[in-house]
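Summarising the annotation, TrEMBL assigns [4Fe-4S] cluster 1 binding site to Cys19, Cys55, Cys89. The feature [4Fe-4S] cluster 2 binding site is assigned by TrEMBL to Cys164, Cys168, Cys171. Sequence annotations record features per position, and here TrEMBL assigns domain 'MTTase N-terminal' to 10-126. What TrEMBL lists as domain 'Radical SAM core' is 150-383. Summarising the annotation, TrEMBL assigns domain 'TRAM' to 386-452.
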Amino acid sequence: MLDIESRSGKKVFIETYGCQMNLADSELMGGVLAGTGYGSAKTLDEADVILINTCAVRERAEDRIFGRLTDLLRYKNANPDLVLGIAGCMAQHLREKIIDQAPYVDIVVGPDSYRNLPAMIDKATGEAADPVLDLKLDKAEVYEGLTPKRRPGISGWVSVQRGCDKFCTFCIVPFVRGRERGVAPSEVVRQVREMAEQGYKEVTLLGQTVNSYRHQLPGEPETDFADLLSMLVPIDGIERIRFTSPYPTDFTPKLIETIAREDKISKYLHLPAQSGSARMLEMMRRQYTRDEYDKLIDDIRTAIPDIALSTDIMVGSPGETDEDFIQTVELMEKTRFDFAYLFKYSERSNTYAARNMPDDVSEQEKGDRLRHIIELQESISAEVFKQEIGRTRRVLVDGVSRRDENDLAGRSDQFKRTIFPKPADREVKPGDIVDVRITDCTSHTLIGEYVESK
Ligand code: SAH
Ligand code: F3S
């Protein structure tokens, strides 16, 4: 085993693919390694260790990572001591294929084994001929007590839940991330307080179905997700709390009331629908019907009229007919999401769908359907953005505009990118929350002017 002394001076470069949970996990790995003496490499060239944190949710993500591994062979050739590691969901999903196609990989580490990274790197630095593997899923691991090495800034992530228990028929996440578990509220509060002390203004709580969060210690009452939010609201310095992704069936009236009541909780929700067809929702085992989804949207909009909504939609799932697809189009036209993340179905080995449902929508049809809804959403988003003109929104400033450094940039409470000229008579800086009256927009950005808060 190497000690901290002999690791010091060594530098790690972590490259991240996939979702925000992966970005947060990369910060966690950075924290684990910093705690044992590693520094951060600014470029791949100066790295002693390169870790690729991977995504397995669609085949394309995995193909990209295989391509990337081929690129990275060059660094291995230039520096035979370099340790190259594959981490995360694809490591868990495709260990054999990785070892087969990229035998020069030194480490393959799954999402529940990041505490072991320093020891794994030590082992790989020695004369290990075979890759060092750790892919045990651990239903108790929530990385309590570890502090992620967060990128400095205004906004940071806290994982409050790991794994997923829903087993939607198309989805690989429960297989590669294991069972759902919540992080103790005391640990979440500790991390958010620490972030406030370090100057973060916004925290985003992460979980695959974050609002199904629950945690209970023996002899104590259970903490649910609404309780957890209420515990974070009083933390001074944190001005805005966001979370992603909630699951439609885990919304309680108490949670909706909490979001409506608390100014600090962002008025933006991501509500993955997947499809507008009741039949497809059932085949996907989403646990809600189309009517229940519509009712949830109505309930949320009634309680929080200012809410912005986004969704995930998948087209071309096994068995999806034109009629099913029309229902999805109808859902999007009716709901008018502010944003939408749109995907083509991609078969994932091990899932229920891969084992039981033929991938029977042609690639051509999947492509046509996807293009259709991308265009539809572009036009809806453009209209939704236009409707912001004339309104005054609270904007958390996070920097200056890329186009003009005399303009400040940030996000509104509804998560819309907003830019406005620096006011002449008042200093406004990143981290401030200010009122901005929206005067114009482009298709993805609001343009406004600073107004004195009432
Ligand atoms: N609970 C998570 C889901 C993670 S996967 C969340 O809501 O963020 C993110 C999205 O990827 C899903 O909502 C779904 O739209 C899409 N997705 C999941 N599995 C997929 C697959 N096999 N093919 C294509 N898209 C998929
Ligand atoms: Fe995947 Fe469904 Fe969980 S989409 S992450 S199995 S909620």
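Using the three backbone atoms N, Cα and C, a Cβ is placed for every residue, glycine included.
Here the features listed in TrEMBL are placed on the structure.
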residue : record                          : CB count, 10 Å
Cys19   : [4Fe-4S] cluster 1 binding site : 18
Cys55   : [4Fe-4S] cluster 1 binding site : 22
Cys89   : [4Fe-4S] cluster 1 binding site : 27
Cys164  : [4Fe-4S] cluster 2 binding site : 21
Cys168  : [4Fe-4S] cluster 2 binding site : 22
Cys171  : [4Fe-4S] cluster 2 binding site : 21
Per DSSP, what is the helix/strand/coil residue tally across the domain 'MTTase N-terminal' (10-126)?
59 helix, 23 strand, 35 coil
Using C-alpha atoms only, work out the spacing between Cys89 ([4Fe-4S] cluster 1 binding site) and Cys171 ([4Fe-4S] cluster 2 binding site) and round it to an integer in Å.
12
Where Cys164 ([4Fe-4S] cluster 2 binding site) and Cys19 ([4Fe-4S] cluster 1 binding site) are concerned, what is their Cα separation in Å, rounded?
14
Rounded to an integer, what is the Cα-Cα distance in Å between Cys55 ([4Fe-4S] cluster 1 binding site) and Cys168 ([4Fe-4S] cluster 2 binding site)?
17
Of Cys19, Cys55, Cys89, Cys164, Cys168, Cys171, which binding-site residues come close to ligand 2, meaning Cβ under 6 Å from one of its atoms?
Cys164, Cys168, Cys171
Under the DSSP assignment, what numbers of helix, strand and coil residues are found in the domain 'TRAM' (386-452)?
1 helix, 35 strand, 31 coil
So which of the binding-site residues Cys55, Cys89, Cys168, Cys171 sit close to ligand 1, that is, with a CB under 6 Å from an atom of it?
Cys171
I need the neighbours of the [4Fe-4S] cluster 1 site defined by Cys19, Cys55, Cys89. Which other residues of that chain put their C-beta within 8 angstroms of the C-beta centroid, in sequence order?
Tyr17, Gly18, Met21, Asn22, Thr54, Ala56, Val57, Ala61, Gly88, Met90, Val173
